[in-house]
């Protein structure tokens, strides 16, 4: 698949040209973020990524400026946006209607990633949809710009997901990205159990070459893990998810002086980024997460490819941190001495003593590997499990045990880019932020008992009712409203439960009393909107980018549901999926 821009695209309409900008328009300005509201935003804005200009732009008069422009030295080639004043023709302004959206690949607190096909070219992409409301509410504007800037800086290397277009509408930001069809590296580790050393050597070489390029351009990822390493059509790696990154000398990133040693103490106000099982010991000690932190994570990934699990695994994050800070891990005895030696030299407590990228290149584990342009031309070895000769099919994995090692989203809450959607295993320490739960009604004790089999521990019913519902896929909610009255007779009565955990469930009971969840309405997904239906006090609509639901409560006002649904959509997600809390880190440090 060649994801290149068509230079022969027709010129945009006059209205679209008025919104055209010489650079991208998705940046935020912390000082003016309060001005970013749905009334002040244009209907649609867009730009293709310029070849040599920055991604940020000076918006037109109808839009609040939402960031100062960082200057980015490199960008996606062959995609440019001429300055409208230059007299050059302007490429089509991208809009949601230019793409046909497919399956959801991943969801996070602030974003959803979907497959999409461009209508005019039939090219397939992964489009990340980021909710402006949540980004501003949670003050995550900086991380949007960091991810965008990092993707642009790294666009000329084959080891990274590429950003092709950016555009926005009144509610969402859209990143049009390359689609890595073969999912996450973690899927294959889970399916094989362990890689043999030939496979591990090849994929480790690709990863370390990408790290070398990334660090050479002043980008520190800070959340490297198998979930953030994707595989393209040719089974070569693509690093993704730069929402946690630090870009040196960036107007959006930190201006701290970075060294390979990363041994300077930091203020406690510094936010943690990363995933518990891959976090470096210097981060747990409140020191700078420098380039050596990525080297530590690379050591964890190499260990996991060869051993089948991360080196630091414990029942909860406190014990995981203790294992990291005490360097408590065991290398399986059947791993070769040369591979064991490399792992030991990567997983070193003091970042000053870890191998540098150049030293990794020279390690005997990579004998026969040339770290030059030819590396990415080598055919990937057929995946084989450790100690076996069977070969894994290169079809897209059906990894039902995906994420059994836990996952922590970046400060954006951004999901993995292009992995197949699967169910995460429950965390041993999963809890909710109790202060944000919906209220429970005291008169629903019988209902709580009746439906207890489908409720989670400590989960209670906040509201229950029999609703008339109609759903439709692939239709914009505004268009859907035109059909609601005529389609009302087709709506089906269903029992819906809204829980204090913020889950909106369509439930059913069969003739034998067995309870099942027929569907969970994704009210926490990015771009979700819930609103009343005009001229119908009993009706409301829930809209997501790919599906809309029309509800009617014949026995009560819609406002009672809408108010609770709005509150439920912002309830904190469980942080038990191996995310790092400051409380656990402080205990771990004090115990060393």
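Just so you know, glycine gets a Cβ as well, placed from its N, Cα and C.
Swiss-Prot has this to say about the protein:
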| type | residues | note |
| --- | --- | --- |
| COMPBIAS | 1-10 | compositional bias 'Polar residues' |
| REGION | 1-92 | region 'Disordered' |
| COMPBIAS | 11-22 | compositional bias 'Acidic residues' |
| COMPBIAS | 27-37 | compositional bias 'Basic and acidic residues' |
| COMPBIAS | 42-68 | compositional bias 'Polar residues' |
| MOD_RES | 64 | phosphoserine |
| MOD_RES | 69 | phosphoserine |
| COMPBIAS | 80-92 | compositional bias 'Polar residues' |
| DOMAIN | 99-366 | domain 'Protein kinase' |
| REGION | 130-175 | region 'PIF-pocket' |
| ACT_SITE | 223 | active site, proton acceptor |
| DOMAIN | 461-572 | domain 'PH' |
Open item on the list: For a quick check of packing: other C-beta atoms within 10 Å of the C-beta of the residue listed as 'active site, proton acceptor', how many?
Closed with: 26
Task: Reported mean pLDDT - the domain 'Protein kinase' (99-366) - done: 88
TODO: Give the helix, strand or coil assignment DSSP yields for residue 223 (active site, proton acceptor).
DONE: coil
